[in-house]
Amino acid sequence: MINEHGSQSILVSGESGAGKTETTKMLMRYLAFMGGRSGTEGRTVEQQVLESNPVLEAFGNAKTVKNNNSSRFGKFVEIQFDKYGKISGAAVRTYLLERSRVCQVSDPERNYHCFYMLCSAPPEDVKRFKVGNPRSFHYLNQTSCYEVANVDDAREYLETRNAMDIVGISQEEQDAIFRVVAAILHLGNINFSKGKEIDSSRLRDEKSINHLKIVAELLMCDEKLLEDSLCQRVIVTPDGNITKPLDPDSALQSRDALAKTVYSRLFDWIVDKINNSIGQDPDAISIIGVLDIYGFESFKVNSFEQLCINMTNEKLQQHFNQHVFKMEQEEYTRDEIDWSYVEFVDNQDVLDLIEKKPGGIIALLDEACMFPKSTHETFAQKMYQTYKSHKRFSKPKLARTAFTINHYAGDVTYQADYFLDKNKDYVVAEHQALLNSSRATTPSPDGNIEHDRTTLH
Ligand SMILES: Nc1ncnc2c1ncn2[C@@H]1O[C@H](COP(=O)(O)OP(=O)(O)OP(=O)(O)O)[C@@H](O)[C@H]1O
Ligand SMILES: [Mg+2]
């Protein structure tokens with residue numbers, strides 16, 4: 001970089017569990033060592049860059065079948081260097097956090113690490129944040145896996161807080177973050193039963209009422225407003241707004257949607273905070289980028305998340321093919337180097353199948369989402385028809401909604417059942433209004449109540 005004055009990027013690829021994240025951390029440690037300022041006191045940029053890793057892993061990694069510390073988001077870290085070749089700034093960009101995990105986990109996987117850390121926090125924090133045994137929370141007890149081999153969640157909690165200190169997240173902000181984490185756990189314990197009116201719902205029992213109270217307290221919003229935002233929808237019509245009750249099933253979906261929205265906004269907030277705190281160098285001479293994404297995945301059941309993850313890997317594979325095989329070999333030929341040509345499988349056809357506009361799977365899905373009458377079955381039928389003779393696409397025998405793609409790394413069968421809902425995935429207006437109304441009020445030194453800027457809107 002210094003000799004040739006060129007910015008570079010390092011792309012770390014491999015399937016889930018291969019060691020991408022660990023490799024990325026080694027790369028970053030090496031760059032921090034080479035580009036660090038020896039003898040600098042206090043928090044240096046390179047220290048902050050390194051400590052951003054445990055913070056992001058606490059909120060974006062989870063135990064999966066393939067990997068006890070699987071990244072459930074993509075990350076591109078841009079390390080900036082000044083004219084002396086010293087690190088002068090950094091920026092972290094993240095991609096596509098797996099939101100569904102917050103509300104839905106199955107054996108032998110876990111939810112995001114931060115939930116278990118908070119439940120194992122020192123007693124005063126457990127009390128303060130009103131958490132407790134992870135087995136008592138629906139979002140954690142859908143799976144019987146609570147512990148990860150060789151991981152001490154209690155210690156990780158303290159280490160995450162320590163890393164947050166170094167990264168530049170204040171104690172008040174850390175408390176606000178964990179308040180939100182706790183609120184999500186309690187939100188998951190709110191249940192509904194049929195209400196008085198047809199197709200309406202109400203809180204099921206005392207327990208649910210209690211959890212709702214705690215959520216409202218932790219999120220610093222009004223209890224009634226929270227309940228309404230879960231049990232009702234406002235429909236905008238030309239003649240004014242109509243409030244429509246939701247049946248218990250829809251209320252549960254509304255609850256889960258709120259949990260996912262809050263968690264993904266929390267994650268984005270943390271990333272923004274890290275970026276603001278580390279700071280970018282507008283005068284940087286060059287950068288080294290490091291890309292660490294989630295690896296190729298093939299589970300027993302694969303859904304929209306896996307399609308997105310595998311499409312990303314397919315794209316990176318294409319990039320790799322382009323550079324390593326096509327371009328390098330063309331150069332060898334140009335230079336008349338005696339060279340036996342390495343065959344490689346071009347995966348452009350898989351990419352076209354998934355992302356071509358119009359005609360690709362994503363385009364068909366977007367189209368299906370625009371028709372109110374579409375179901376996952378009509379969407380699947382449309383795919384079966386459209387790709388009948390596509391080499392990379394097949395329909396498993398007897399399948400009604402499943403389809404198989406022949407990826408560069410192997411065949412993966414996807415279940416199209418929740419594709420439409422997952423692709424729509426918008427923020428409910430009522431939820432947004434509820435969260436905007438959150439007011440964190442703390443007494444100021446002179447006794448007046450003032451607005452606390454650390455609320456995570
Ligand atoms: N260089 C290494 N030395 C020792 N152990 C390693 C090394 N690299 C990886 N591992 C082990 O493998 C595990 C998985 O590695 P890592 O989390 O880096 O995988 P990944 O490729 O990022 O997977 P994912 O796509 O699921 O995020 C680590 O938790 C660690 O136990
Ligand atoms: Mg990883």
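The backbone N, Cα and C atoms fix where each Cβ goes, glycine too.
Annotation source TrEMBL lists ATP binding site at Gly14, Glu15, Ser16, Gly17, Ala18, Gly19, Lys20, Thr21. A C-beta separation below 8 Å, combined with a sequence spacing of at least six in one chain, links Ala18 (ATP binding site) to Gly295.
Residues or ranges marked as compositional bias 'Basic and acidic residues' in TrEMBL: 448-457.
Residues or ranges marked as domain 'Myosin motor' by TrEMBL: 1-457.
Sequence annotations record features per position, and here TrEMBL assigns region 'Disordered' to 437-457.
Taking a Cβ cut-off of under 6 Å from any atom of ligand 2, the binding-site residues Gly14, Ser16, Gly17, Ala18, Lys20, Thr21 reduce to Lys20, Thr21. Neighbour density at the Cβ, taken as the number of other Cβ atoms within 10 Å, is lowest among the binding-site residues Ser16, Thr21 for Ser16. Sequence-distant contacts of Gly17 (ATP binding site), defined as residues of its own chain at least six apart whose C-beta falls under 8 angstroms from its C-beta, comprise Lys66, Asn67, Ser70, Gly295. For ligand 1, the binding-site residues lying close by, meaning a CB under 6 A from one of its atoms, are Ala18, Gly19; the full candidate list was Glu15, Ala18, Gly19. In this model, the domain 'Myosin motor' (1-457) carries an average pLDDT of 92. Long-range Cβ proximity for Lys20 (ATP binding site), meaning a same-chain Cβ under 8 A and a gap of 6 or more residues, is found for Val12, Ser13, Gly14, Ser71, Asp292, Ile293, Gly295. The Cβ neighbour count for Glu15 (ATP binding site), using a 10 Å radius and every protein chain shown, is 16.
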